[in-house]
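Below is one structure, written out as structure tokens, with a few remarks after it.
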């Protein structure tokens, strides 16, 4: 949730952020009105409770003659307190709903517009010409790396088996990501992939895109689409010690997405699937350190992309393509030869204090006063990377060269057709 103090002092900035996102700026006024009504209801209820307490003391000290009138007045006050408290509950609910409806305030410099309106930050490497390139599905099946047909037979569309060297390639990629993270001071976590509603909602995944999330109704638990979710909840309700710098975690987990809004998109292969594995970087830090930390996460992502030796670009994602929690997001997109396009491999988001405010994650400032922390996240490796590796490293004879950094994990330098 956004900072109320910032909203009250800078309503025009929040309206401008809403417009940049393509969202309704009128929601700002709705929240301001709800905030005013809530504060008024709290004040009224507090005043009446104080009067009720004073009246009770008078009854205790009253003479027999005074008592009936005072009891009648106390009874009337009790009814007023009950009514005021009910109104407070109503206004609190309306305020919470209005507060949750407003997305994070975008950081200055984020480009306006939608998916295609990103700003290009950097191009790394040149796509090398490949005569009659095969796509990752044809390569993967000819090399015995994955089995789409049996995945669909067992689980349905957008499921797959990774087999043989395909499984080793993914495991090697994820292990390399873990090694990179640990070498840079991250603590490795293997988190639960089922979380409570308050954790899923606290990270911002139960808003406009709630239909993308798998929900186990009987248990009221959600399957996570990224380990960002359980790691964001790891310190919920806690006060952190950030005096020695940010807390950095790397989460290795399976991830689950319904892909409800992607009908007809990327139906072939493993680019857009219901289940995949990922190593995610997650950082808690002081708000003033968040932008520098964002650049560091991007640097670690670029280090991983360097290991797989593929051409890629770095983009500053436009405001209209940001998730509700992100104030800024950088994507690294790798070149996919058969699509003649760059496709997202990593994403790193600066969520400022938005998630931590919902999840009550705080730290103590220099005076010892608790303050809301900032959170950031970023992809260090995921299943989709196999697409870029296979297509960019394919050879004329149908084999695929294994990136040098992955050879120790895979156990061979070249994947040969079966």
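Heads up, the Cβ atoms here are built off N, Cα and C, so glycines get one too.
Straight from Swiss-Prot, the features:
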| type | residues | note |
| --- | --- | --- |
| BINDING | 226, 227, 228, 280, 379 | L-serine binding site |
| BINDING | 257, 258, 259, 273, 344, 345, 346, 347 | ATP binding site |
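Shown on the structure are the features that Swiss-Prot records.
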| residue | record | DSSP (3 states) |
| --- | --- | --- |
| 226 | L-serine binding site | coil |
| 257 | ATP binding site | coil |
| 344 | ATP binding site | strand |
| 379 | L-serine binding site | strand |
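The separation of residue 228 (L-serine binding site) from residue 259 (ATP binding site), Cα to Cα, is 18 Å. Of all Cβ atoms in the protein chains displayed, 26 besides its own lie within 10 Å of the Cβ of residue 346 (ATP binding site).
Same-chain residues at least 6 positions away in sequence with a Cβ under 8 Å from that of residue 228 (L-serine binding site) are, in sequence order, 203, 251, 280, 282, 377. Annotation: 379 are the binding-site residues among 226, 227, 379 whose CA atoms are within 10 angstroms of the CA of residue 347 (ATP binding site).
Taking Cα separation as the measure, residue 273 (ATP binding site) is nearest to 226 of the binding-site residues 226, 227, 379. Among the binding-site residues 226, 227, 379, the ones whose Cα sits within 10 Å of the Cα of residue 346 (ATP binding site) are 379. Taking only the Cα positions, the spacing between residue 344 (ATP binding site) and residue 227 (L-serine binding site) is 18 angstrom. Classification of residue 280 (L-serine binding site) by DSSP places it within a strand. Here the Cα atom of residue 345 (ATP binding site) is found 16 Å from that of residue 227 (L-serine binding site). Each of the binding-site residues 257, 258 was scored by the number of other CB atoms within 10 A of its CB, and the lowest score belongs to 258.
Its Cβ taken as reference, residue 259 (ATP binding site) is surrounded by 16 other Cβ atoms within 10 Å in the chains shown.
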